[in-house]
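Trainee: Pulled from TrEMBL, these are the listed features:
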- 1-37: region 'Disordered' (REGION)
- 25-36: compositional bias 'Basic and acidic residues' (COMPBIAS)
- 40-62: transmembrane segment (TRANSMEM)
- 79-104: region 'Disordered' (REGION)
- 110-246: domain 'Ricin B lectin' (DOMAIN)
- 216-249: region 'Disordered' (REGION)
Amino acid sequence: MKWFGFIPKERPRPQESPAMSRSSARPDDLQDREPPRWPVLAGATALLLLAGLGGYTAGVFVSENRAQVEEMSVVSGILVQPEGAPDEAEEPEEEPEEETHPAGIDPEVSYALLSVHGGRAVDVAGAAQDNGAHVHLWDRHDDEHQQWRFVPVDDGFYEILGVASGKLLEFPATPDPETGEGASLLSRTGAPEQQWRVIEVGDGVVRLVNRADGQALGNQDGEEENRTLLTPAEDEGHPHQQWRLVPVG
């Protein structure tokens, strides 16, 4: 008996095309054929580093320039304030110091000069207004020929101005034949004989010392009666060399 079996016929294998051959190549072959990527990455990294370093360098350069500009501005003294900055406060102007005078003397005020020794007033004899009119003691009545003003000169000295005549009290450089060295009136000359230092004793009382010879104005021989002349003497602070200032007028 014959056994008939079915034997399948082997199909022929298709031939591979060139494209299929390339696609079925081994991975190692592909890696060998692809160009390496590390040079690209290295170049990109280098560019980034260069960009960063350039920005940093530019920032440092700008900061240094800015500092130099500020320093130059301060040194040159023409620094301009930034916008919105508060204005510097202006310093208040110093007020001139008010001039002070001994015993509270006010050059705008007229005074009676009363002798501490006896209380009589410095008076122009006969209310005369001529040059050479002599000055003596008299009872106080506050008429203009008993009124005096203190005019500041320099170095603490004053002129003593008669209100009635506008002439100045002085110790004459040449004594008068009638009154001797007694005080008298004379038009302003600017001579030291017409200038007096006012020395405060206290409580509105002063001594009057002549600039020319340093002698003090006082009652002749320490007298206190009417018509007593006013003569120079060494300044010893006696009561008849002290005068009370009484505002009048």
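Every residue gets a Cβ built from N, Cα and C, even glycine.
Automated prediction, rather than curation, is the source of TrEMBL annotations.
How buried are these features, and what lies next to them?
Mentor: Remark: secondary structure over the domain 'Ricin B lectin' (110-246) totals 15 helix, 62 strand, 60 coil, with classes taken from DSSP.
Long-range contacts of the region 'Disordered' (216-249) within the same chain, counting only residues at least 6 positions beyond its ends with a Cβ under 8 Å from a Cβ of the stretch, are 103, 105-106, 109-120, 122, 125, 134-139, 142, 146-147, 163, 171, 179-183, 196, 201, 204-210.
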